[in-house]
């Protein structure tokens with residue numbers, strides 16, 4: 001789609017240009033967060049070094065890479081449906097269902113080495129796909145937006161997983177809501193010494209690469225983007241938009257379910273109640289995807305940046321006593337600022353192109369996708 | 001277990017009140033042509049400010065007043081960004097909801113000095129109507145345990161219905177939503193009405209938050225809005241622009257929550273009781289939407305008015 005005329009210089013400029021507003025959004029969000037910090041009587045000169053050290057310092061880097069895996073996976077869970085114009089806010093529920101499915105399957109039927117990992121992960125992805133896929137017909141047939149149904153399904157799904165881990169699947173006699181440790185054959189092989197980084201990393205990177213290829217180079221990717229840009233026009237052009245919405249939502253849900261499975265099959269090799277949703281991967285990932293402003297190749301980088309902020313926030317709480325919830329403030333601000341900058345740019349485009357289309361209800365992120 | 005006893009009716013009203021207040025805010029926005037998905041965050045923010053103000057002043061009514069002001073200010077951000085700057089309302093709302101979650105959890109640790117849940121014997125909750133109504137038969141047991149904000153919430157439903165139908169400003173608000181260009185050509189300041197609607201929703205969400213944190217309970221806990229703002233969004237979808245229908249949808253949620261609470265008392269695990277209101281809300285939404293699909297003409301679910309622009 002970007003194979004327009006223009007020299008290599010212009011193309012390079014266009015490649016780099018998107019990074020500028022993203023950097024501006026992060027800078028703006030950090031600036032406003034600093035104001036909040038100062039108002040709360042926290043010394044930023046003490047907090048920010050603790051943040052950087054918490055994410056990238058000695059011994060913390062592997063943990064950050066470990067947290068990058070679920071964040072990138074959840075970024076796919078949000079980004080894939082978004083390309084088709086569907087908002088998936090139910091990542092928490094899809095992830096929890098995936099995780100509990102993987103745990104239940106492994107505990108019920110222990111399998112030998114490779115199948116012991118592959119089968120629960122597949123089941124986890126299926127569970128997530130199912131949870132998200134329901135929202136597609138609800139939108140395309142009944143007209144209820146996915147943003148509402150994914151969220152409404154998510155809360156009971158998290159509750160259901162929580163119930164299962166507390167009662168039928170609980171480890172007796174510990175008092176902690178967790179399953180027993182999964183059998184050895186179901187442990188994800190780790191990379192490096194720390195155990196934080198598992199083969200989940202290459203798996204999620206591969207999925208990201210596959211998505212980037214599908215999105216940018218194939219018919220289904222083109223049709224997805226067309227649907228996200230203008231559903232009616234895509235339908236008129238012969239795209240089966242209903243089926244596409246289902247594919248996109250189920251695909252996103254599968255990624256979320258897979259993330260749940262990866263977390264459960266990684267250390268500490270059990271489903272601990274709340275361990276999947278508490279770190280806030282879903283919304284960290286949403287902030288990352290929106291920060292990428294409809295440019296899929298940027299998603300891994302924005303996901304990395306948001307992971308650093310998230311993990312650094314935990315470090316800040318540990319080392320400087322600054323509440324880690326500060327990172328949620330940064331994420332919220334990033335999303336708001338990105339939305340504002342998208343319209344400012346959109347208005348500028350409209351002004352420079354007389355007769356440009358007005359507002360049509362399509363999210364600017366989705367709209368920009370094909371620009 | 002007797003479902004029809006006054007205590008059950010009382011707990012239904014308690015559970016419904018915050019949702020109906022937030023949903024009225026969403027309704028007013030919807031009438032004016034703005035789809036407000038930031039109800040959840042605004043409600044949570046209102047609950048937090050109510051508790052902090054009550055904690056600082058020792059008066060629950062100052063808590064309510066502060067929550068209303070804070071709700072208006074918080075939604076003013078939404079209003080400026082989406083009505084004036086025309087930023088995407090959904091994305092801004094997602095950001096504001098997340099921001100409220102982070103801000104309240106952060107400020108809670110900084111101002112109240114605890115994480116998780118804050119409660120204290122010194123924290124003043126709203127008074128109940130027991131003293132005024134305790135002896136009245138029928139009304140006493142149902143409204144007695146409620147804060148004064150609960151009857152206010154239901155009175156506001158009636159007021160909103162009357163206002164939208166019978167008053168000049170109500171008509172103009174509907175005009176701003178139904179046909180902005182036509183309204184603007186008649187000299188109506190569409191944007192001003194939309195700003196007003198979003199900020200009124202902020203005030204109502206502030207009230208909802210105050211009722212939740214100082215009426216239903218007397219505490220603040222992280223994320224205590226727990227999806228009520230989203231249920232309010234769904235109620236607006238179910239009820240369209242008709243206040244009584246929206247209130248009925250909220251009542252459905254209230255019944256589900258009160259029932260879940262009861263079943264929990266009867267031994268149902270808390271996790272399953274928590275899930276019930278959302279599942280019932282979802283099922284109601286699906287049923288109403290399929291009914292609306294069958295008889296296309298009128299009724300059914302109003303999702304969002306297509307924004308035709310116009311300022």
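Numbering starts at 1 and runs along the chain as displayed.
Heads up, the Cβ atoms here are built off N, Cα and C, so glycines get one too.
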Correct range for transmembrane segment (source TrEMBL, candidates A:175-194, A:195-214, A:215-234):
A:195-214
Given A:244-265, A:266-287, which one carries TrEMBL's transmembrane segment label?
A:244-265
Could you check which of A:98-116, A:117-135 is flagged in TrEMBL as transmembrane segment?
A:117-135
Annotated transmembrane segment segment (source TrEMBL; candidates A:328-347, A:348-367)
A:328-347
Pairs 6 or more apart in sequence, C-beta under 8 angstroms, 3 or more of them: is that satisfied by the transmembrane segment (A:20-42) and the transmembrane segment (A:244-265)?
no
Determine whether the transmembrane segment (A:195-214) and the transmembrane segment (A:62-82) share at least three Cβ pairs under 8 Å, counting only pairs 6 or more apart in sequence.
yes
How about the transmembrane segment (A:244-265) with the transmembrane segment (A:328-347) - do they touch, taking at least 3 C-beta pairs under 8 Å (6 or more apart in sequence) as contact?
no
